[in-house]
Structures are given as C-alpha cells and as structure tokens.
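What follows is a single structure, written as structure tokens, with notes after it.
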Ligand code: UT7
C-alpha cells in the first residue's frame, strides 16, 4: 500500500526573541508566574517584513533542502494557519508563488492549534488517494498580530514561527513496520467554540479581531481530549505507550503536556518539549518541536512518533508516524 513518508523537515523563527522579563514591562505579570503556570521562558515575535507567508516560505525551503528536492518536485502546498497573510487568497498560494511554482495546487487549513495534525492527515489522504506524490505540509503562524497586548491572560502565552515537512508517496507492506503515517485521528466539538476564539472576522465585524480565551476552561478539557485521540491511535494500530519512541505534542502548556504523558504512561524522557523556547505557536508548534528533536539527533529514521494537538473549536487530533 501507499504510505506518506517524511523526506525532509525545516523550521523558521522570527529574528526577535522576547523574554518573560520583557513582558513584565508591558503587563502586570512575572517571569515566575509564566514559568510556573506554563513552562514558557521566551517566544519569538515577528517584526517588520516577517509574515506567516515569509516564515512559511523559509521553513519550506529548508525542508526541500533537507529532502534534496526543489519546488518542481512538489504537487501540493498545504498550509495550516489561523493567521493568514490575507483573508484570501490562501497563504499557501502566496508561498507557492514565493517558491516559483506555477504547477500543482495549494490551499490553507484552519483548525487552530490542531492545524498541523489536520494538515498531515489531509496530506496523507491526498497522497494515498493518488492526487499528489509529494506534499509540502507547513504550519505557520504570526499569533502576535492577533493578540491583545494589554490582556495578560493571553499575550504571555503565544509566539510566532513556522515549520514544514515534505511528505512523499512510498510503497509499504501495510504493517506497523512501514515508514510513514500509520494512522490519524481527528475530532472537533463546536459547542466549545466560545472558549477560545477571535472576536472579529470578515463576515461579522469586518475586522481582524483579537484572540480571547477562557484558559481555565480549555485547560480543563485538554488532557482528556488529547488522551482520547492518542488511545484511538493506539487501538487502531494495536500499539501501546511502550511501543512509541517519541511523543511530540502541541506546545501550549508544560502542565498539559506532562499531565497527558502521565495519564498515558509515557515517560518524560520520551516527550519532546519546546514550549520553553517558542511559547505556543499554534499550528507551527509541532513542526518546530520536530525540527529541534531531529536537529539534536533524538528522533531518528525508523522511530515511532506520536503527534498530538488540541485547540480552538475545540479541535483535537493525534497521528502516529514511523520516521
Ligand atoms: O493551544 C491552544 C490551547 N490553549 C491552551 O492549551 C491553554 C490552556 N490554558 C492554560 O494553559 C492555563 O489555563 C493558563 C496558562 C492560560 C492559565 O493558568 P491557570 O493555572 O489556569 O491560571 P488561571 O487562569 O486560573 O489564573 C490564576 C490567577 C488569576 O488570578 P486570581 O483570579 O486567582 O486572582 C489570574 O488573574 O493568575 C492570574 N493571571 C496572571 N497572573 C500573572 C492570569 N494571567 C496572568 C499573568 N501573570 N500573565
């Protein structure tokens, strides 16, 4: 059977690092509170000329270099983002153009913090359905542009950045020993839509709006939703926590990551944590975390890697992949 196998990865971060201490001058907060409640120590914030498309392009070029491929080899550019450059056209076509591609197709996906898991699952369907042989899957965000910088309950949590993977169709045996995506589990429940949202939009206010979140409410649901889809992925592949080499979670809050890993029986040595470095970069957080763990040699070819995310909507999902 056809499998969607990772051939290359890349990441991009804005130039400017903003520490918790710097935020103390902007809102009534403290480094101690932010570190204790979230694990975040710093985040990257986009400056002039740095956009979701420019960061996405940079990450995509890095992923193509690692894969030894050029934009000519790509059939589909799929961008997970909730902070597109414009309402339309899709940031994916903007990146397609920046890469000099006039062939193939490109579109955006919006599932907030679960966007990268949704995009990987979608890319896998396009590959296994025969529509695309190679897909650039990009998670790119500039959440700093939708934050209310006077609201301490949200502005300390998020950051900007982008990450990308090149997925390629390869023949597999149809067993768990195959490289590539083995299973994907997506969920959403719109009855929670008012717990994490942006208070503006083209069809309502005609403005971009600002991010609003009932943090405690999101926190309350996060661990149960994350463990639910991961257990779904274990059941579908007849695997257990002992079989996986790495858990690469969406990086929202250290306490949510630790709580989910503990509930699933996954030891902390197998969990990739980068929330301290990047903050919550929404759809970019998983590919950014992957690139750190690939660069430092933790994740190697053949490793079994579980990706998971939960966010606005609520949306949530998990994806099991053999690297
Ligand atoms: O990626 C998408 C999904 N998003 C998430 O996963 C975020 C989920 N939620 C969270 O991570 C946590 O709920 C937060 C980090 C947002 C908040 O942590 P918490 O432990 O749930 O704190 P809390 O909201 O219960 O607030 C505790 C106190 C409050 O003061 P009082 O009411 O106890 O006097 C807040 O006003 O902390 C206060 N507070 C702050 N203090 C200093 C809230 N934000 C800050 C701040 N600095 N930045």
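Cβ from N, Cα, C; glycine included.
No curator has checked TrEMBL annotations; they are predicted automatically.
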Remark   = region 'ACP-binding' per TrEMBL, picked from 241-245, 246-250, 251-255, 256-260, is residues 251-255
Query = Under the DSSP assignment, what numbers of helix, strand and coil residues are found in the domain 'Beta-ketoacyl-[acyl-carrier-protein] synthase III C-terminal' (235-323)?
reply = 38 helix, 22 strand, 29 coil
Query = Can you tell me how far the Cα of residue 113 (active site) sits from the Cα of residue 250 (active site), in Å?
reply = 7
Local backbone state of residue 113 (active site), from DSSP in three classes = helix
Note = Cα-Cα, residue 250 (active site) versus residue 280 (active site), nearest Å, comes out at 8
Message = Need one number: mean pLDDT over the region 'ACP-binding' (251-255).
response = 98
Task = Determine the Cβ neighbour count for residue 113 (active site): the number of other Cβ atoms within 10 Å of its Cβ.
result = 33
Query = Which residue counts does DSSP give the domain 'Beta-ketoacyl-[acyl-carrier-protein] synthase III N-terminal' (107-190) for helix, strand and coil?
reply = 26 helix, 34 strand, 24 coil
